[in-house]
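Just below is one structure, and these are the notes that go with it.
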Amino acid sequence: DGCGHTVLGPESGTLASINYPRTSPNSTVCEWEIRVKPGQRVQLKFGDLDIDGSDSCHSSYLRVHNGIGPNRTEIGKYCGFGFQMDGFITSKSNEVTVQFMSGIHTSGRGFLAAYSTTDKSDLITCLDNASHFSEPEFNKYCPAGCVIPFADISGTIPHGYRDSSSLCMAGVHAGVVSNTLGGQINVVISKGIPYYEGSLANNVTSKVGPLSTSLFTFKTSGCYGTLGMESGVIPDSHITSSSILEWPNQTGQVNIWKPENARLKRIGPPWAAFISDEHQWLQIDLNKEKKITGKGIITTGSTLAEHYYYVSAYRILYSDDAQKWTVYREPGVGKDKIFQGNTELYQEVRNNFIPPIIARFFRINPLKWHQKIAMKVELLGCQFSIGRAPKITLPPPPQNKNDEKNADFMDDFIHSVKTSLQTDKTTFTPEIKNTTVTPSVTKDVALAAVLVPVLVMVFTTLILILVCAWHWRNRKKKTEGTYDLPYWDRAGWWKGMKQFFPTKSAEHEETPVRYSSSEISHLRPREVPTMLQTESAEYAQPLVGGIVGTLHQRSTFKPEEGKEASYADLDPYNSPIQEVYHAYAEPLPVTGPEYATPIVMDMSSHPSAPLAAPSVSTFKAAGNQAPPLVGTCNKLLSRTDSASSAQALYDIPKGQPGPGTADQLVYQVPQSVAHPTVSKDE
């Protein structure tokens, strides 16, 4: 009475104590006898062992024996809380006896173990999950019996399973291994996803799972494509049934739930049998000329809320001629395989065939249902091609008696060819192809699989090149704006900027400043934008004595190198064109001043004018004559300690005609300039 979950397969299996993983009851015993094929040996691996060992394994223990019966010999006796054993317990023969004894105790989960033949060196237990392994890809062998009620999985194929899921139980859910037989799994670890879906497949329910750091999937042969029920590749004439449900609705219209309605995901009613009993069936003819490797089946109920019909259990039968039928069974099992169907009318339930079925005709035989037999289906698998015998071209029959020997020879030749063809047909290795499309177009699948990615890469590269070129061109235009330096005249930029740096001190001799606009008199307003883009903007800051002043930011004059400045220069503003744009000027804001910023002079050290004398104009009059100066000073000295003097040349406001008399040339000194104080004593 101490036996718990137990599945003993021909090459592997799983066994556990009663009530595992909860505390095992007191005073219980269980004994398992394990046999594998003669010539092989058995290896045992503990997934968990938690047995009270306070009395040194006297009343509670797990004992392993070589052999079965009275001649068995003990291999070992094990107990203890959280007992760990990394290796295997290996027998000396093909038979092993495992004995569990539970005495009086207050705690202890019991045990769970797996076994297999010794050639499965990568055996794991049903409790192992992906987080127990650090490799990004690995192969392991799952024992039979890993569909256990106390293990959980989250996820489904093809998206993957949460890393906390049991590897072997997920393998059964994915259809990679059989719960009855066990098998090899190839696991690939990848980055986790935020949400894991739940589904029912192969009698295993996968739960919805939250975000995880990693997930795992399985590498398979790829033979899991749909075979044409949903897509319509299988014609209506190839779908038949034992009976058809016909019934009138409230309006008197007859509803017929025909077998061709049994296409998965098709809107509308399903196929339904007229009589609900165990003798009903739905038959699918996959192809007239080719067989199909059946890897699985997906079913749903009626999908109509007002008709809550579905099939909860069924059998699968298959045939090559639709006359002799074989019920699907798993290897080593002496009874028919009963597939779990739907538990409600909407959910898609998948079941896999391990090993696969190779046949032309499939029949679904419902055994249990809810209210009425009604279902929609899709078959999973791939094309199974069989080579055809070549046509034989016979020579013409003999025309006379002399050709009888040749005719006998041809008969022998034909007989030998037929014999060889028959031999080839029975020994020909089938070619299995993965396909989910019409068999007639499978030859183009390989070509399309190569061409499509190549074309996508080529077009993507061209698009990237065009985008980069467009971006580079726009960036180039942006850097060369209307008021920026042209890219071919970048050298002049530094030459102009050096003039703004304070390279000369205040004690040095002042350099004469001259303003000339030789081009401005010949420049028309419409030509200004072109000049602004083609000539470098070289501006110079005049160096003046006394209080060192600077030109305003919006100064519109261009310094020009050359001869000494004098009042005899022509007036650059005396132009017949009234509205003039300076070729080197930056546009002035609307709120800015119209005239150039006056240069501030220090007049404190120069001879002062009489008290009643008016202020001296700082602007140059039009014409070639120098403006008369009112006062005692003939010229302005820029510095008191300078050995030489310089004359400053100033322009009148732009756009104003020159005054006719000297009296009109007198302007008030700006208020910001301090007036010199002249005493009456002088």
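The first residue you see is number 1, and the count goes up from there.
A Cβ is built for glycine as well, from the same backbone N, Cα and C atoms used for every other residue.
All TrEMBL annotations are machine predictions without curation.
Predicted, not measured: the structure shown is a model, and the values here were computed from it.
Within the domain 'CUB' (3-118), the DSSP-based counts of helix, strand and coil residues read 0 helix, 61 strand, 55 coil. The annotation domain 'CUB' is assigned in TrEMBL to 3-118.
The feature disulfide bond is assigned by TrEMBL to Cys3-Cys30.
Positions annotated as domain 'LCCL' by TrEMBL: 120-216. Averaged across the domain 'LCCL' (120-216), pLDDT in this predicted model comes to 93.
Residues or ranges marked as domain 'F5/8 type C' by TrEMBL: 223-382.
Taken from TrEMBL, the feature transmembrane segment applies to 445-470.
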Winner by Cβ contact number (other Cβ atoms within 10 Å) across the disulfide-bonded residues Cys3, Cys30:
Cys30
Do you know the DSSP helix, strand and coil residue counts for the domain 'LCCL' (120-216)?
11 helix, 38 strand, 48 coil
